[in-house]
Amino acid sequence: MDLWHIFLERILVACRVSASVFANFGCGLYSSWKLICGDHDSASGLRAGLATPTQRGKATGDNGTTGTPARTIGKPQARIATAMSTATCARFCTPLSSGTAGSTSKLTTGNGSGNTMTSAYKIPSNNSTTANDSSNTETTFTFKLGRSNGRSSSNVASSESSDPLESDYSEEDPEQEQQRPDPATNSRSSSTATTTTTSSADHDNDVDEEDEEDDENEGEGNGRDADDATHDSSESIEEDDGNETDDEEDDDESEESSSVQTAKGVRKYHLDDYQIIKTVGTGTFGRVCLCRDRISEKYCAMKILAMTEVIRLKQIEHVKNERNILREIRHPFVISLEWSTKDDSNLYMIFDYVCGGELFTYLRNAGKFTSQTSNFYAAEIVSALEYLHSLQIVYRDLKPENLLINRDGHLKITDFGFAKKLRDRTWTLCGTPEYIAPEIIQSKGHNKAVDWWALGVLIYEMLVGYPPFYDEQPFGIYEKILSGKIEWERHMDPIAKDLIKKLLVNDRTKRLGNMKNGADDVKRHRWFKHLNWNDVYSKKLKPPILPDVHHDGDTKNFDDYPEKDWKPAKAVDQRDLQYFNDF
């Protein structure tokens with residue numbers, strides 16, 4: 001009898017152990033499946049709507065529309081294609097957290113139809129940490145897709161913070177909180193996104209401490225941070241979120257009209273001066289329309305942003321910041337802002353109409369560019385970046401989608417929602433995953449060096465057909481960026497390869513373009529030695545691609561959008577309208 005008891009007890013123990021093992025194994029399998037197959041695609045916002053695979057970058061579409069591949073990559077030669085707009089307003093920002101490496105952050109995502117879901121991910125570990133990475137807090141981000149069949153770049157993120165002006169912050173404006181009006185925003189133009197953390201740790205308290213640490217590290221390098229060399233002069237140039245004089249002038253004008261100095265004198269602009277012809281792009285809280293100036297008969301692009309959505313998504317300051325920067329700059333390779341205004345429901349910005357479409361579309365159709373073609377476009381981008389950096393402006397959103405080709409074949413950089421005037425460094429966590437610099441991922445604070453990193457990624461993508469850091473999941477992309485390992489094509493131009501290597505240096509103090517000679521170091525590289533940079537600026541070089549357009553108002557290089565799908569924006573009340581008094 002005792003033997004039977006012992007035997008039965010051992011069987012029961014074995015059964016319990018087996019049940020426990022199988023239960024844990026099942027839970028582990030389910031968690032892994034949910035994390036890999038479920039949450040990441042939704043949480044990253046990289047796949048939005050119907051998708052079809054592409055081979056060697058050839059774009060496909062659905063329902064008769066012209067498709068353009070999204071930025072999610074499974075293999076180097078196979079991307080996800082979605083029916084999308086080549087709108088000038090399309091872009092996205094991937095969620096990043098400033099928490100401790102290894103800590104967990106939540107993502108709450110939307111699918112464009114109002115549904116949301118929450119996902120968790122861990123911040124990639126890295127040997128170097130910063131003073132502000134001491135808090136192990138959870139941060140929640142809410143994503144809203146711009147449209148179900150749209151580009152992954154039309155996502156908008158906003159913090160769960162109740163303060164709408166909870167915006168990006170930087171070393172150069174530590175008093176930003178005191179300058180806020182009653183309700184505030186983290187604003188982006190059109191369909192962009194930024195992330196703001198709701199960490200309980202006060203980041204500003206760590207700024208000075210981290211500066212000392214970084215300055216010591218930078219002093220040990222062979223290079224010198226270009227921002228350190230220009231710091232003194234940039235202080236007098238820096239402005240906080242706009243020009244006060246301009247704002248006062250705007251207040252004196254009516255909401256739907258204003259006076260602008262032109263070559264022929266002062267012109268009084270009115271919204272009625274513009275005839276809307278066709279929608280050429282849509283975004284999260286607005287659309288871009290081709291329109292004609294009834295007075296000059298010139299074609300232009302009108303970006304229309306719904307104020308209710310701009311406020312809801314906390315994008316006020318970014319929209320205003322974009323307008324203020326574009327109003328200040330003039331360069332042959334940068335989109336020109338002609339006029340901006342508002343009514344009781346929308347914000348309006350009038351730009352040059354660039355009828356050739358996105359460089360991204362031409363690159364996907366070609367698969368990859370030759371070294372000569374890539375050199376031409378890279379040179380024009382270098383010219384534009386040098387100009388922006390001379391004004392202490394960091395662009396932060398360089399990618400083929402934001403490069404438009406004009407009828408004459410030359411580039412126009414568009415979409416300045418992430419651009420910002422700097423004194424030293426900024427802490428906004430934003431960008432396109434494949435183009436984000438390591439210092440952004442590590443939340444160290446970043447400066448104009450991130451634009452030179454993005455240029456290296458862009459040159460690589462033009463030559464190879466896909467970015468140097470790719471993965472099915474954005475977090476895999478971040479890990480590869482931090483590792484710095486790049487797979488090189490066997491037959492890549494060795495001189496171009498050398499330039500890319502010098503641009504994709506993880507230590508920003510040794511990154512080409514960010515040392516004491518600034519952009520001159522890039523312009524003197526052997527890959528550009530045949531160029532006369534005055535000829536580049538004057539557009540004297542022969543473009544490698546001439547868009548197929550028949551007139552200045554041609555829209556064949558943009559997708560078609562049913563006008564009936566566009567619903568008028570709701571008017572905002574006077575309390576909300578005050579946010580845009582200076583627009």
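Counting begins at 1 with the first residue displayed.
Glycine residues also receive a Cβ, built from the backbone N, Cα and C atoms like all the rest.
The annotation region 'Disordered' is assigned in Swiss-Prot to 51-75 (among others).
Under the heading compositional bias 'Polar residues', Swiss-Prot lists 52-69 (among others).
Under the heading compositional bias 'Polar residues', Swiss-Prot lists 98-107 (among others).
Residues or ranges marked as region 'Disordered' by Swiss-Prot: 98-264 (among others).
The compositional bias 'Low complexity' annotation in Swiss-Prot covers 108-162 (among others).
Residues or ranges marked as compositional bias 'Acidic residues' by Swiss-Prot: 163-176 (among others).
Among the features that Swiss-Prot reports, compositional bias 'Low complexity' is placed at 181-200 (among others).
Positions annotated as compositional bias 'Acidic residues' by Swiss-Prot: 205-219 (among others).
The compositional bias 'Basic and acidic residues' annotation in Swiss-Prot covers 221-234.
Look at Swiss-Prot and you will find 235-256 (among others) tagged as compositional bias 'Acidic residues'.
Summarising the annotation, Swiss-Prot assigns domain 'Protein kinase' to 274-528. Mean pLDDT for the domain 'Protein kinase' (274-528) in this predicted model: 95.
Per Swiss-Prot, the feature ATP binding site maps to V280, G281, T282, G283, T284, F285, G286, R287, V288, K303. When secondary structure is read from DSSP and collapsed to three states, V288 (ATP binding site) falls in the strand class.
As annotated by Swiss-Prot, active site, proton acceptor applies to D397, with the evidence given as sequence analysis. The local packing around D397 (active site, proton acceptor), expressed as other Cβ atoms within 10 Å of its Cβ over all shown chains, amounts to 26.
For the binding-site residues V280, V288, the largest tally of other C-beta atoms within 10 A is found at V288. Ranked by how many other Cβ atoms sit within 10 Å of their Cβ, the binding-site residues T282, T284 place T282 at the bottom. The two recorded residues, T284 (ATP binding site) and D397 (active site, proton acceptor), show a Cα separation of 17 Å. Reduced to three states, the DSSP call for V280 (ATP binding site) is strand. Across the residues the record lists as binding ATP (V280, G281, T282, G283, T284, F285, G286, R287, V288, K303), the two Cα atoms farthest apart are 15 Å from each other.
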